[in-house]
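Visitor: Mind having a look at this structure? Questions to follow.
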Amino acid sequence: MAPSHPAFQFWIHLYLWCLLLMPAVLAQQGSHTHAEDRLFKHLFGGYNRWARPVPNTSDVVIVRFGLSIAQLIDVDEKNQMMTTNVWLKQEWNDYKLRWDPAEFGNITSLRVPSEMIWIPDIVLYNNADGEFAVTHMTKAHLFFTGTVHWVPPAIYKSSCSIDVTFFPFDQQNCKMKFGSWTYDKAKIDLEQMERTVDLKDYWESGEWAIINATGTYNSKKYDCCAEIYPDVTYYFVIRRLPLFYTINLIIPCLLISCLTVLVFYLPSECGEKITLCISVLLSLTVFLLLITEIIPSTSLVIPLIGEYLLFTMIFVTLSIVITVFVLNVHHRSPSTHNMPNWVRVALLGRVPRWLMMNRPLPPMELHGSPGLKLSPTYHWLETNMDAEEREETEEEEEEEEDENICMCAGLPDSSMGVLYGHGSLHLRAMGPEAKTPSQASEILLSPQIQKALEGVHYIADHLRSEDADSSVKEDWKYVAMVVDRIFLWLFIIVCFLGTIGLFLPPFLAGMI
């Protein structure tokens, strides 16, 4: 018994309809293929691809031209050229390629190899590598009205004048000039499809951004020929993306400059100022060797980053020279140099106040008692308290004056010295002529005590001399510190102004 399921019946009917319609479809396809074959024979049977597609030789072929950019591949600053991947949109009318669609199976368009038809010899005038014309001959799209639409792709290396003054914040203006190489304006004339470059299919570059891309129509008479030749020139305004160079060039330079400033904050006693300067200079030299390939190698102008690197190099070199001078001042002493009066007045008095530097007090003045200071007179063993007691006892000593004179008269004169009250020693010969009122307080001492007191005097003089030398040395050290502080602030200001000078010109030019 045959199956009666509705689905089975549906598939049976569909199969029968396919068998009935397939011959008609195949016949129609065969007719379309046959019509396309007939159309090819009709169009290219007696077609001459070398002749201009005009009925009269005086007619002008109007070529509508447009440009679409797919990728900005590279901008070579050293070789002064721009590499782009573009599509050349060209459209013209060929009266020999017209047909009636009704006679050829309603075929309204046809795609044919571009080698079979006449095409305009549009080339890139400012080419930089020898490939002036299109190398990949794609198919052209023909329409029954005779309109030919041809969009070949091409990779061009065009000459471009690169201005790297504001590198890496630079903006370039490159052009691509297209025109017929052999036909003048009386044979071929150009029209722009669009006034701007088509950016719909543009693939963004990681280094450059297209700010503007416009085209202009020009007619020019060259020295070689009497005819006028038309061209369409496209101007690309491109701006460099500075992030890569900011991270790899500018920030390291700023850090090196900061290290140079810190040299003047490092104390001279540590002995590492010159080491730090040389280390910074060596690091900058190695850094310059590494970035030689990054900076555009051109002698037309000095790039902004090159000026900043040169500024940093001079900056570091000057810091070394100044550091050597500061160390020389720091280690001066009274035995080698005398401090001029203007240095004492300016660098020990006025300049520290301007720099807000407060010199700490000496330890004797900071911690000592007022009653324990040494006196510069011959009473150097006395204290202020002793001096007051001495003044109080002067009257008592005057009363004992006669008795002391009597005691001195009975002692030998040749081997004794005298000691004034409270330890003041005078070496003199004693005799009858010494018995005067001014010598009433003299006390005779033995030679051993005299030698001991002479030794004490020598030690005291030596200590005073060392104290004076130490004071002068401390003054020289403080002068070195003041000079360090002067150049610290000076280098901070110069570093700040140099950094502002790096960013301000491109900012004012609208490139940042």
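Every residue number used here counts from 1 along the chain in the order it is shown.
For all residues, glycine too, the Cβ spot is worked out from N, Cα and C.
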Visitor: So that I know how the record lays things out, could you check whether Val237 and Ala452 fall in the same topological domain in Swiss-Prot, i.e. on the same side of the membrane?
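Guide: Taking the topological domain names from Swiss-Prot at face value, Val237 sits across the membrane from Ala452.
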Visitor: Cys160, Cys224: which one closes the disulfide with Cys174 in Swiss-Prot?
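Guide: Swiss-Prot says the disulfide from Cys174 goes to Cys160.
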Visitor: Tell me the Cβ contacts of Asn106 (N-linked glycosylation site) under 8 Å, same chain only and six or more apart in sequence, or just say none.
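Guide: In sequence order, no residue meets the Cβ cut-off.
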Visitor: Using Cβ atoms only, which residues of the same chain lie under 8 Å from Asn212 (N-linked glycosylation site) while being at least 6 residues apart in sequence?
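Guide: Set apart from Asn212 (N-linked glycosylation site) by at least 6 residues yet with Cβ under 8 Å, we have Tyr235, Phe236, Val237.
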Visitor: For Asn212 (N-linked glycosylation site), just give me the three-state DSSP call.
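Guide: In the DSSP reduction, Asn212 (N-linked glycosylation site) maps to strand.
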Visitor: Going along the chain, which residues at least six beyond the ends of the transmembrane segment (308-329) come within the CB cut-off of under 8 Å?
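Guide: Same-chain contacts beyond the flanks: 250, 253, 256-257, 260, 263-264, 268, 273-274, 277-278, 280-281, 284, 288, 291, 302, 476, 479-480, 483-484, 487, 491, 494-495, 498, 501-502.
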